[in-house]
């Protein structure tokens, strides 16, 4: 159980809303399947990331299975805050039960209303919820009513409708129920690589009085500043840009060697599985290695081989 890992009273919980009241654009690491786990969150927090999300967790499995809880959610007492746990859910009480389990260890939960993957949609999770504003409202209300801690945030992450009025309506209903903030990925469910509709995010921002976070195609700190200017959003959420350069929010154009060294140290300390350890390095080194180097590095098959390679080629 999670309680075995962490002593509740020592958790350094924070109020994520303090970030949005700071007057600065909040820099956020997105929920990424397999990737935004504790070790990577520890790394990006060293490089000016303000707020981190866990990967999306299916609430029903999490509530039902101790094994799922132990494998899906790991945090630490001090450094991993503020932390938002993202859940996929379609029933209010199940989301509440999951929120109650993580409440002593995290600073808020986020309801995924944006995942466009077929499996999620077919199960009633993710982006199909943007077409069920009453259900979203019901889920948020239940969590708000059943979690005693007023500092515990409840947010949602959405995609946009082709008819933006429907998205604004969804957001306003969620706001009226007590949502802390809303992250908007500026594409519709059908859109994958089309340009992000930053104008839509701006329209939503102008229609709301709670914080709005902009998400989609932010690869550099300059991109983040431009998106803030275009949307007037209170925060920016980044996924692939941080995978490629975990030091992005600190203003680095490409992953510095110090960051690679930090990742090696953190990953080894956390006992990160080799595949995850290696994949993160492949992403981080994408821009700083030649085609020939990639051919060699990407097929290395053990931690010792990777460490030898980094030492020989980069002095890391």
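Using the three backbone atoms N, Cα and C, a Cβ is placed for every residue, glycine included.
All TrEMBL annotations are machine predictions without curation.
Residues annotated as domain 'DUS-like FMN-binding' in TrEMBL: 29-293. Averaged over the domain 'DUS-like FMN-binding' (29-293), the predicted model reaches a pLDDT of 96.
Summarising the environment of residue 31 (FMN binding site), the number of other Cβ atoms within 10 Å of its Cβ, over all protein chains shown, is 25. What TrEMBL records for 31, 32, 33, 86, 185, 239, 240 is FMN binding site.
Per TrEMBL, active site, proton donor is recorded for 115. Long-range Cβ contacts of residue 115 (active site, proton donor) within its own chain (separation 6+, distance under 8 Å): 56, 88, 121, 125, 126, 127.
Residue 185 (FMN binding site) has a Cβ environment of 27 other Cβ atoms inside 10 Å. The Cβ of residue 86 (FMN binding site) has 25 neighbouring Cβ atoms from other residues within 10 Å, across all protein chains displayed. Around residue 33 (FMN binding site), the same-chain residues six or more apart in sequence whose CB sits under 8 Å from its CB are 55, 56, listed in sequence order. There are 20 other CB atoms within 10 A of the CB of residue 239 (FMN binding site), with all protein chains counted.
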